[in-house]
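Participant: To start, I am sharing the structure in question, which I have written as structure tokens.
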């Protein structure tokens, strides 16, 4: 669901930067509600088949997961049968990241067309929070995937640590990322962390 929300937010940033005069007509309340409902329905449709795809497989290896919770890429390594369908199904998760990347390529293209350096920086500044949220969601996800794929001989604690980072870091940092642009919060955070006023 979170990747769907990040995708909807990247579309919002795209419209705000590339078509600012049409923002209110493109992103009406009804359209935003439809986008929210489609994120929820799509998330359900993606997650719902997973148990059935796993139930059809027979597990002959040790049924010990390397992560602290049930993670689909971790479960795919346990069956003795062909898991091609499950692996192909996992590719749907990459679609959101590809569309988010596309929206930011289009945003960057539009920003680079702005003549004034100050205006370019001001425009890019509106995307900083969202880009950070995307990074804190996808970097741990890629890390977990890489460890699951290539770290077969890594100690178990590496798998557990990466899965816990993926599970806990994004929700813990999201409030910080979205509130850091508020001057009062930024000033207090600098005072707490650095002992100085900002």
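Even glycines carry a Cβ here, placed using N, Cα and C.
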Participant: According to TrEMBL, which of these ranges is transmembrane segment: 32-54, 55-77?
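Facilitator: It is 32-54 that TrEMBL describes as transmembrane segment.
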Participant: Who are the chain neighbours of the transmembrane segment (157-178) in space, where the CB to CB distance is under 8 Å and they lie at least 6 residues beyond its ends?
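Facilitator: Residues 2, 66-69, 71, 74, 129, 132-133, 136-137, 140-141, 143-144, 147-148, 151, 189.
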Participant: Can you tell me which parts of the same chain pack against the transmembrane segment (127-151), counting only residues 6+ beyond its ends and a CB-CB cutoff under 8 A?
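Facilitator: Those are 2-3, 6, 9-10, 13, 17, 66-67, 71, 73-74, 77, 97, 100, 104, 107, 158-159, 162-163, 165-166, 169-170, 173-174, 177-178, 180-181, in sequence order.
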Participant: So if I exclude everything within five residues of the ends of the transmembrane segment (91-115), which remaining residues of that chain have a CB under 8 angstroms from its CBs? That is, six or more out.
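Facilitator: Distal contacts: 3-4, 6-7, 10-11, 13-14, 17-18, 46, 123-124, 127, 131, 134, 138.
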